[in-house]
Amino acid sequence: MKQMGFIGAGSMAEAMIKGLVKSGAMEPEAIFVTNQSNTARLRELSETYGVCGEADTAKVAARSDTLVLAMKPKDAADGMAALRPYLRKDQLLISVLAGIPIHTIQHYAGLELPVVRAMPNTSAAIQKSATAFAASPLVTKEQMREAADLFATVGSVAIVEESALDAVTAVAGSGPAFVYRFVEALQASAAELGLPEETAKQLIIDMMSGAAQMLETGRNPSVMRKEITSAGG
């Protein structure tokens, strides 16, 4: 049975762990998770999902066929320095570290090994992320499938060239923040117009859901917008 280790135990790591366990893609005992010092968090994940919380990073690296780099980007250099002595050339590194390119990850690793760089978004928490990933030349077809299967447990998946990942970050990674800001503005306007807060909230949620489903029909969004905003309409 292949084993996967998560370096970092934050919300993104939890979303992926939840997806893997809930979907049955991996057995909980084949999943390891570690972080710098928060053993209470490791215990929480172990109790919730049945995975193996491990304070010793070296043990996680030694046991894992795939390592998911899910620490904070600012901690990447130090985190990888701790991992470096235990990395193997046959291990797959999957990075969800925003803004850190593949060549930098390989530099931190100190050796050439297969790396997948991915950009999920916060909707991974409810298995609705729109994730894109790119792979280094050393990534095999089997490892590509493994990465795609991992991210499929938290939403949709697209494979892109690494040069496109900054655009993906802007559109799919940061995009939800623009949606939430739009919703905030709608809620404020609804309050000014006298709508009860809970009524306005539910109307906005249903409107957003309906609009998203209209987009899924494939119709041109410009055409649909003009149908609503036509003069005298």
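Counting starts with 1 at the first residue shown.
The backbone N, Cα and C atoms fix where each Cβ goes, and this holds for glycine too.
In TrEMBL, annotation is done automatically, which means it is predicted and not curated.
Note that the structure is a prediction, hence the values are computed from the model and not measured.
As given in TrEMBL:
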type    : residues                                      : note
DOMAIN  : 4-99                                          : domain 'Pyrroline-5-carboxylate reductase catalytic N-terminal'
BINDING : I7, G8, A9, G10, S11, M12, A70, M71, K72, P73 : NADP(+) binding site
DOMAIN  : 162-233                                       : domain 'Pyrroline-5-carboxylate reductase dimerisation'
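Sequence features annotated in TrEMBL and their locations in the structure.
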| residue | record | Cβ neighbours (10 Å) |
| --- | --- | --- |
| I7 | NADP(+) binding site | 27 |
| A9 | NADP(+) binding site | 23 |
| S11 | NADP(+) binding site | 12 |
| A70 | NADP(+) binding site | 25 |
| K72 | NADP(+) binding site | 12 |
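Within 8 Å of the centroid defined by the CB atoms of I7, G8, A9, G10, S11, M12, A70, M71, K72, P73, the record's NADP(+) site, lie the Cβ atoms of F6, A13, N35, L69, V96, excluding the listed residues themselves. For the domain 'Pyrroline-5-carboxylate reductase dimerisation' (162-233), the mean pLDDT of the prediction comes to 94. Mapped onto DSSP helix, strand and coil, the domain 'Pyrroline-5-carboxylate reductase dimerisation' (162-233) counts 59 helix, 0 strand, 13 coil. Classification of A70 (NADP(+) binding site) by DSSP places it in coil, neither helical nor stranded. When secondary structure is read from DSSP and collapsed to three states, A9 (NADP(+) binding site) falls in the coil class.
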